[in-house]
Amino acid sequence: MGGTNQSMVSEFLLLGLSRQPQQHQQLLFLLFLIMYLVTVLGNLLIILAIGTDSHLHTPMYFFLSNLSFVDVCFSSTSVPKVLAIHILRNQAISFSGCFTQLYFLCAFAVMDNFLLAVMAYDRFVAICHPLHYATKMTHQLCALLVVGSWVLSSLNALLHTLLMARLSFCADNIIPHFFCDATPILKLSCSDTHLNELMLLTEGAVIMVTPFVCILISYIHITSAVLRVSSTSGRWKAFSTCSSHLAVVCLFYGTIISLYFNPSSSHSAGSDMAAAMMYTVVTPMLNPFIYSLRNRDMKRALRKVFAYRKIICSIERFTSTSWSYRS
């Protein structure tokens, strides 16, 4: 059956929250809902603040706005389905819907990965080659890095999705997860999955590990350059500009490594779901707080956004009052 495209399974069942006791399900549903709303609102505010403040039209904030957009898409690929399953009490997801979700999750996860590496390179150039920063980090290069990341992410996701779609699924269609992840789907297949596993361990690992190595190399050079700074205040300022990015890197890669690069014997459905929730829901939610709370430029831009919103509301209230007085 390994060479056939036919499948006896027309849909999968996402167990998700249903594996938990009823009272835990309600709590987890509320938790997912709150985190999703905070993720969308927080990241959209970051994009709005960067877009409306001309002082933030720099490479670092250009990459940050792209990261915020990807994080919104990343969470929106899985969380709304979790909420819909809980509300509608229908755990089914169609065969095509499952692989569509797999494609976008893979694409956005890899895009996150590439953007973190690009942001590390940006910090490397800014700290290690400050005099050449403007000539090195041109608008053309920034656009090329982002577009290239999107192309590679999309092609990588397409490769793994097409390899998954060629498999056959004969009987068991229960996915003990809250989204269609590659590992649990492979366990359900009655086809030969050696090619899929080989591609995940080789091409997939290269795609994820290469940016991580680039981040490490960038921060080794950054640390070396900062330690050569004579003044303590200068060192602190240089490290503080990188601390937010490092926090996001640790959160993202820590959960990825624990989920996909640990021996399968150490995995359990509960621990896998917790790790997956960290990098698909929690990390995108925390990114706006990490980047805005420790960044004076972002705080200033966000204050401008809220001040502008207050002015608009005041004008609307004044207008409505004037019209009601006239009438």
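Placed from the backbone N, Cα and C atoms, the Cβ positions cover glycine too.
Here's what TrEMBL has on this protein:
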- 27-50: transmembrane segment (TRANSMEM)
- 42-291: domain 'G-protein coupled receptors family 1 profile' (DOMAIN)
- 102-121: transmembrane segment (TRANSMEM)
- 141-159: transmembrane segment (TRANSMEM)
- 205-227: transmembrane segment (TRANSMEM)
- 239-261: transmembrane segment (TRANSMEM)
- 273-293: transmembrane segment (TRANSMEM)
Between the transmembrane segment (27-50) and the stretches 141-159, 205-227, 273-293, work out which stretch tops the count of Cβ pairs under 8 Å.
273-293
For the transmembrane segment (273-293), could you work out the same-chain residues 6 or more beyond its ends whose Cβ comes under 8 Å from its Cβ atoms?
32, 35-36, 38-39, 42-43, 45-46, 64, 67-68, 71-72, 74-75, 78-79, 105, 109, 176-179, 181, 244, 247-248, 251-252, 254-256, 258-259, 299, 302
